[in-house]
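Chemist: Look at TrEMBL and you will find 68-84 tagged as compositional bias 'Low complexity'. What TrEMBL lists as domain 'UBX' is 569-646. The region 'Disordered' annotation in TrEMBL covers 57-89, 555-574.
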């Protein structure tokens, strides 16, 4: 087989036979023919008599005749079996007169039918095509979805001014709906998962792929293209059921064996490849195509990877990188990774941790034992043939996404760029050791993507498993569950140790709290005693001061008292006998002319100040302290003798 460069040269040489040098005009012509290169060339290369011929089926289309000035002289030799047209250069008017090709997607119940027609056809012709596809009589069919009204079977599509792509639907009000039992069984099959065991014939390699029943045959073929690099139009299959006649058919409706079905795929030899050498020797061009029109994924066969195709750079067709090269901040790099992953594979994917690998360790391993999780590191590689299937069929599976979100912290890194690869290997050596780093370093590109399952331990981080991309959803789930079993056993031990440690710490805290309370009580008691002693001392001091003051007053009063009159005194003398509250008596003689205040001073000199004690008389009972102290004893009738007693005031 020829190289991609050779194919590109052949393709360009075939297109050069049309004589069209304007790139925009060439692309417009290809769009009108649904990117079918053969149909586009056949549409612009007429015969001398104005008839365009097709190699397949002998169909003839009336084309415009050339005038003598615009039609070059053609070779008079008879066309050989490898040449269907003469090499001529058409005028630009021919391109403008070509009919437009219109695409219709027609929906009927659970089926979609694609119809491609020229705009010169009628609505009735669409119905006749649908009659063959859907097995519905034209008379029972209502074709709806037109943008304008007043449309019947004779309406020409050109008069409706339709866009290139159109969506219609069929109604059959006169036909009974399908039985509920059949639709229920079909719905159940749509929810089932089919295991397709696909053998690549040329390399004798087997792939185990899981698909839901709602996936179409076309989706299977596109995924196989990602694995084998065989374009859909070049795939030669064996093992499909006879009922699988349409690539838009779902696996549930195709008749596959549930739950496993074996298929074989190989590369179909193109007739054009076997004739390339002979075509290079001929001035005439013979084009063969088995393209479906919508399988234009293998752009390398048209020279895209070697330069430009129709003026477009190849870089415009490549995907954006998952992660920038030499990103300074790991968090920013992972933000771009998450956004690009979502744009490629949809929003149903694992929740990637945004932050550095150290931060992911902190989140997964260094919380409470009950809150710890395993760390899953996803290593992406855009150049691996397994990446697209692994991401779309496994990482985006709802069961896997749910399991990862509940039990794992998921961190990702892109290994496509050499700088990013070296950076991760450095991180890997630092955190896991040189053995794990060497294991990842020796992985080949086709063994990516990788899934590293990390479990945190007291002294180090242990890599439990390294899962390569050539696995199935079930196998990946089983290995994740096996890692969870190991982690759960370790986690239970950690929880037990943590609970025991917390119990010991609680006992210690309670003991410390009781000791603190005891110290507080002792200190409070000691402080109370000290306050009481201080108060007693203060009161004692006050009492002493008061006693000293009283003693001083008593002594002063005692010294200020007039001398006691003698018994032989010729003056009038009053003899007073005073009884104290304790029952003691003391007597003294006073001059009858002495003032009552002298009696009060005498009583105070004995320790009974009149401010605190009352001096009461007996007959009659009276409070002497209420009398005028300036009167004499004679005046207050305390003469010649009187018995008084002291009583404390209230």
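Cβ atoms are placed via backbone N, Cα and C, with glycine included.
Keep in mind the model is a prediction, meaning the values are calculated, not measured.
Quick one: how deep are these features, and who are their neighbours?
Modeler: Sequence-distant contacts of the region 'Disordered' (555-574) (same chain, at least 6 residues past either end, Cβ-Cβ under 8 Å): 588-594, 598, 601-602, 604-605, 633-634, 638-642.
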Chemist: DSSP helix, strand and coil counts for the domain 'UBX' (569-646)?
Modeler: 13 helix, 29 strand, 36 coil
Chemist: Limited to the domain 'UBX' (569-646), I'd like the whole-number average of pLDDT.
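Modeler: So the average pLDDT across the domain 'UBX' (569-646) works out to 89.
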